[in-house]
Amino acid sequence: MEGMALYLVAALLIGFPGSSHGALYTLITPGVLRTDTEEQILVEAHGDSAPKQPVISIHDFPRRQKILFQIRVDMNPAGGMLVTPTIKIPAKELNKESRQNQYVVVKVSGLPLELEKVVLLSSQSGFVFIQTDKGIYTPGSLVRYRVFSMDYNMHRMDKTVIVEFQTPEGVVVSSNPINPSSVLIRHYNLSELVSFGTWKAVAKYEHSPEESYTAYFDVREYVLPSFEVRLQPSDKFLYIDGNKNFHVSITARYLYGKKVEGVAFVLFGVKIDDAKKSIPDSLTRIPIIDGDGEAILKRDILRSRFQNLNELVGHTLYASVTVMTESGSDMVVTEQSGIHIVTSPYQIYFTKPPKYFKPGMPYELTVYVTNPDGSPAANVPVVSEAIHSEGTTLSDGTAKLILNTPLNTQSLPITVRTNHRDLPRERQATKSMTATAYQTQGGSGNYLHVAITSTEIKAGDNLPVSFNVRGNANSLNQIKYFTYLILTKGKIFKVGRQPRGEGQNLVTMNLRITPDLIPAFRFVAYYQVGNNEIVADSVWVDVKDTCMGMLVVKGASSRDNRIQKPGAAMKIKLEGDPGARVGLVAVDKAVYVLNDKYKISQAKIWDTIEKSDFGCTAGGGQDNLGVFEDAGLALTTSTNLNTKQRSVATCPQPTNRRRRSSVLLLDSKASKAAQFQEQNLHKCCEDGMHENPMGYTCEKRAKYTQEGDACKAAFLECCRYIKGIRDENQRESELFLARSDFEDEFFEEDNIISRSDFPDSWLWLTEDLNEPPNSQGISSKTLSFYLKDSITTWEVLAVSIAPTKGICVAEPYEITVMKDFFIDLRVPYSVVKNEQVEIRAVLYNYADEDIYVRVELLYNPAFCSASAEGQRYRVQVPVRALSSWAVPFVIVPLEQGLHDVEVKASVRGELASDGVRKKLKVVPEGERKNIVTVIELDPSVKGVGGTQEQTVVANKLDDKVPETEIETKFSVLGDPVAQIIENSIDGSKLSHLIITPSGSGEQNMITMTPSVIATYYLDATGQWENLGVDRRTEAVKQIMKGYAQQMVYKKADHSYASFVNRASSSWLTAYVVKVFAMAAKMVKDINHEIICGGVKWLILNRQQSDGVFKENAPVILGGMMGGTQGAEPEVSLTAFILVALLESRSVCNEHINILDNSINKATDYLLKKYEKLQRPYTTALTAYALAAAERLNDDRVLMAASTGRDRWEEHARTHNIEGTSYALLALLKMKKFAEAGPVVKWLIDQKYYGGTYGQTQATVMVFQALAEYEIQIPTHKDLNLNISINLPEREVPLRYSINYGNALVARTAETKLNEDFTVSASGDGKATMTILTVYNAQLREDANVCNKFHLNVSVENAQLNSKQAKGAKDTLRLKICTRYLGEVDSTMTIIDVSMLTGFLPDTEDLTRLSKGVDRYISKFEIDNNMVQKGTVVIYLDKVSHSEVECLNFKIHKHFEVGFIQPGPVKVYSYYNLDEQCTKFYHPDKGTGLLNKICHGNICRCAEQSCSLLNQQKKIDLPLRIQKACAPNVDYVYKAKLLRIEEKDGNDIYVMDVLEVIKGGTDRNPQAKARQYVSQRKCQEALNLNLNNDYLIWGLSSDLWPMKNDISYLITKNTWIERWPNEDECQDEEFQNLCDDFAQLSNTLTIFGCPT
């Protein structure tokens, strides 16, 4: 009777019908609720006027075990029976580790009917932004950043933020918590060994890391330019049908505002997909005059490159422009890309078009017309077809069309086209869509249309909002008011009502636009008809992006707004909201020339914030519920009107001078060609008279003609004719040198203070506006500072965050800094040690008079230059008014590191002067190479005794450049052991498990079990959204029904059988206990006495003294027992019942005193049997029972019973799944997460979704095991590694501790050594150690292995006239000769020529080689990027295998680079890339280079006069003693010249030290050979002869310590006199000299130098 009574009660509860009331109760919430955020919701009682006090409560989902928030409100007629309580869901109460969506239940009680809505939850509670001080950095520099944080009300928020820095490869190298209230500014140090590319700074809230904000910045080597270049195409597109040439205007301005004089090189091309196809014939040199120039792409040049222009439609044109200053000192490369090649010049888009229309009511459509590059197209007429409407686009490219829709139609096709009068109809742009009719509720025909017709809306406006209704008269008469909600940033901002008078079909209200509604809002309105129908509409409204508050940066006075001097004092004034915190930074505008993509702006702020809108359309909806859903709202009513359950917070995304000889030559060519009247022969003659770059004879050239014998004859005749004329012509060149000398009229350089502080950014400050506000409510603050030394324009950017008005980015304030006379010292980012380079000091004179300037390069021993110690190098130059002059200085860096280059200049007769000191980075010679070694640290597998110790052997670096550093970087990254498997079983496929229980005591449990386990799994994995969150209520009802029905089969002693009159079953009773215990975790109404009664019966009636459980009455339906039936039955049954007891422990431990004892007895029994078990199934089941009882922590027996360590197999598939599931549970209980991974994968691969009869145990266990895996894996912290790196140079090892929380943050360290070291790891988990070794390898030109090709490359000077030189500073002729080494000719061969820096190829030569009758090449392409070395790619149809074939063309130098690095030339087969050969070429190194003396890779400057002291007259003994005893003289020797050697362009004099007269640094040199190194040019001046003796001494600075001895340099400071031999000393001519030498030797040897 008791069981039947419970069943009836449960049935009544489950089947209680919904009550019918005369009112409509409504609950509306945001479609997504945010944690820790105040949210407004709406509760309304329509048709009920009785005061009420509803209780709004928030519960966890799915189990509803916690009340997260609760509030009671007053609902009364005075408030319109409408309340808008504010709720707040605390994040601390939720599962932070869950990887699934989380939901809450919003419940309203205290009304005649309860309202309940399951709402998606978001843990993101605000916005966080990062600002870096600039958008581009160099290796080793400092990235400054600041963090701004605010909530969804735009209030400043001080929640902890995690900031991560990620490399371009996505590796997190830094992760730090920041509290924005205490630390607004932080920095991150980039190492020298840093990845180039785009980095990320990612900010996210500590408790909601799934939402983040990312700031980007680039890392690369760069030097700031001194000017910027802007390109402006004549059109934003190339119209394919047009005939106009394409023009690009070039504007170049110095960053301090003055115009640039110079030259531009322009190359056009077409980008097809991702490949750039250059147009070589378009390469032109364009003068930049007064800052402007224009490039033109002619249509015929485009057609010559691409015959079928229609094939280019859909691709883009680009223009690559390189602008160089007149002095050649600076260069900026820019590109105008994205110029679309089109058939129609416009594109049409629909801007958030409403998907649905209301028949018979206006339909508003906003169209957006763009140019092909995506920019807005203004003043373009547009027209809609079918339903006619027309308009013209505004400046922002938009036009609003209003379509009057017809009645009684369910579909509305819409086509809009441009209506430009200059375009034919087929070239007009069109766009089509189809809108669907709004479906009224129950076909009532009631409509609401909300109209907002204003175009540009801004804060402060009064916006008219119209409510337009249509429907039957009876329905309209019931409308007393409209309820409206205003949503912004995903929150309900305001709720109100607009009254409606009787008979009004159109009602209008004014809405005040406040700053809170920026950047956009949604206006949702609805009315009720009766107590059942809701009619709704909504509209999305864009508001002009401005600050909610205000922030202005300006000069504090008119003086501060003028052009400033470097280093001057000035003031700026900040004006903004009271209490605002302002972050400042001043950035050199040159930074934005390199990269302006990442600068923070107000628009970027609002773009991010606007993404918080949970609405997904521009307004409207498919029906009344669709209106709420699409606006981002959740609704439920007392009449079961429910919006669909939302499962994602985001919206789906919808699917850029001429010589006379030249004239004569032209006349000769014309007259000769005129002799051939036929057009084809005329061209053959002309081509024969073209100069041949390769220098081939006329006869050899004729072999390449392919146009027949007549053409070849004409070609040969004309070629020989013109050769005779050319042989008579001569070329000449001029060189002009000027000098002026007025030394006394210049300002002394020692009194000039050099400018040296040139930061990219500075003024990185944070200021609080705490001053009392003025009458307009504005606070202000004045800041004083000194400007830096740069001549530029500084852009001061200010970003504020106010207490209640969010973030405001002020308009940048510019500070221009310059002088009438100054130096711009242009130095590269880095130079290579011992390689010559030219730097330029550009003198700018912005005065109205010409000036004369003296320039001095200051001496630095780290460089070899014309400036030497004690010897100034000065140059005097004239500089015209309003112009510049470049003074070149050639230097050779001799030492690695950062070294000062300093130049000073003064103006003759004036006080005007300037000085600049900059750091020049000198890097080692050779090619930078990387060696990467990866070590896996896994001490549990690879260790001994829990510790893995490994020796890392140093790399063999045989090709390292001597005396250069090795840099080794270690990076250790943890590896979370567990394999996270998202949605391991798709919850949407479990629908079949929620069924209605029925049948006998066994059948009922069989049919109840699926609902229990499905609910258990979906609760644990958070996948109800896949099945439908409403299905959980249904599942709980089915569980309760099965629970109630099972009571029928419960006996008085709490045991169970299939039928009441049948003997009680141990297994069935245990199973009921287990299932009910699981259900009790999900359903509150299961009585613990029911569970514990079964437990007590099992212990008292079925457990034996040895702990084993017996079965006296097996179940009828044996299939429901799964694998427990079969061999080893006693162990299986005992283990199964033990599992049930353990499941019930949390419920029954307080009620059954003997429970623990029973569990211990059973575990003791199982432990005795465990290692002897034969069945994999029984082993797995027993292992789980023992592990759950905390009596087993060793998985060896369990894993030994497995197959492949991932499954426990028997004869039946379901038994395999069941047994493997037990094994997985056992591994999880034992915390063997690494071993659990493969098991989980095997179970998932089975794609088993369960069933009922015959599958009960497999179903229960697989979902219980996978649910447990989902629960434990995110929360387990089984990663605790201690890593120690023992480096030879460190006394203390590097130690790192890695755990689950910091696993993905790389730990890095660097060392300069390349030696063996050891790394040891202990603890749990895995980690990866990456060792990056970077060194400089020697460049070996002769090491290039050539395969199948012979290649020779050479250069020679080309003497040209000014026209041929095309304005170039110099011209070389490049000769490339190759032969294929195979048995037949090589077809389709490519020659890749890298240009020398500063050089461009002669396109006329290349064109002649490819287009003449005598074609030598198939085609060529130019990649002209002069930031790096440009490239010419030459295509050959074949390369001969029998003879050498040569190509010859000119290359022009357009700017100086001093030391020119070799350029590679590579020839390779198109079809076989392994067949290739590379050679290098460079100009004559013996010309114009500074002299230096080198041993190995160590060089000394030798740019001084040769030693001429031995030629001095009137030298006596006192003078010799005085000079030899000078403080800086290191040694005095008598030495014999043994031999003279030549090495690296220097002379090496090998001398035998006969006598040490004055000892120095070199220890024991007597009777030993020593090397004296001298420049080759000093050989004649020294005139040293073999076997002669010499008196020689030198300075300590001229000693060169080598590995085992010392070498000596012969410089201008070296004293050398020939010491006559003994026979000569007897001659009267030499007697006095010999006596002086002997006395000098005795004096210095015996007495030393006088003090």
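From the backbone N, Cα and C atoms, a Cβ is placed for every residue, glycine too.
Over in Swiss-Prot, the protein carries these features:
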- 1-22: signal peptide (SIGNAL)
- P519, D542, V543, D545: Mg(2+) binding site (BINDING)
- C616-C651: disulfide bond (DISULFID)
- 661-739: region 'C3a-like domain' (REGION)
- C684-C711: disulfide bond (DISULFID)
- 684-719: domain 'Anaphylatoxin-like' (DOMAIN)
- C685-C718: disulfide bond (DISULFID)
- C698-C719: disulfide bond (DISULFID)
- 743-754: region 'Factor B binding site' (REGION)
- 992-1269: region 'C3d-like domain' (REGION)
- 1197-1259: region 'Factor H binding site' (REGION)
- C1346-C1477: disulfide bond (DISULFID)
- C1377-C1446: disulfide bond (DISULFID)
- C1494-C1499: disulfide bond (DISULFID)
- C1506-C1578: disulfide bond (DISULFID)
- C1525-C1649: disulfide bond (DISULFID)
- C1625-C1634: disulfide bond (DISULFID)
Legend entry - Residues within 8 Å of the P519, D542, V543, D545 Cβ centre (excluding the Mg(2+) site residues themselves): I457, I518, A520, K544, W606, E610
Legend entry - Neighbourhood of C1346 (disulfide bond), C-beta criterion under 8 angstroms, separation at least six: Q1476, C1477, T1478
Legend entry - C684, C718, C1525, C1625, C1649 as disulfide-bonded residues, winner by CB count within 10 A: C684
Inset, instruction - Going by DSSP, give the three-state secondary structure for C1346 (disulfide bond). - result: coil
Inset, instruction - By CA-CA distance, flag whichever of P519, V543, C698, C1625, C1649 among the recorded positions is nearest to C1377 (disulfide bond). - result: C698
Inset, instruction - State the three-class DSSP label for D542 (Mg(2+) binding site), counting H, G and I as helix, E and B as strand, and everything else as coil. - result: strand
Legend entry - Chain-internal residues near C719 (disulfide bond), provided their CB is under 8 angstroms and they sit 6+ positions away: G688, M689, C698, R701, A702
Inset, instruction - Could you check the disulfide-bonded residues C685, C698 and say which one's CB has the fewest neighbouring CB atoms inside 10 Å? - result: C698
Inset, instruction - Round to the nearest Å and give the CA-to-CA distance linking C1578 (disulfide bond) with P519 (Mg(2+) binding site). - result: 78
Legend entry - Cα separation, D545 (Mg(2+) binding site) to C718 (disulfide bond) (Å, whole number): 72
Legend entry - Sequence-distant neighbours of C711 (disulfide bond) in its chain (C-beta under 8 A, six or more apart): N680, L681, C684, T705, V1413
Inset, instruction - Using all protein chains in view, find how many other C-beta atoms are within 10 Å of the C-beta of P519 (Mg(2+) binding site). - result: 21
Inset, instruction - Over the domain 'Anaphylatoxin-like' (684-719), work out the mean pLDDT and round it to an integer. - result: 76
Inset, instruction - State the three-class DSSP label for C719 (disulfide bond), counting H, G and I as helix, E and B as strand, and everything else as coil. - result: helix
Inset, instruction - Provide the three-state secondary structure of C1377 (disulfide bond) computed with DSSP. - result: strand
Inset, instruction - Please report how many Å separate the Cα atom of C1446 (disulfide bond) from that of C685 (disulfide bond), as a whole number. - result: 23
Legend entry - Listed in sequence order, residues with CB under 8 A of C1506 (disulfide bond) and six or more positions away: S1574, Q1575, K1577, C1578, A1581, L1582, I1610, K1612
Legend entry - Number of Cβ atoms other than its own within 10 Å, given for C651 (disulfide bond): 14
Inset, instruction - Based on DSSP, name the secondary structure state of C1649 (disulfide bond): helix, strand or coil. - result: coil
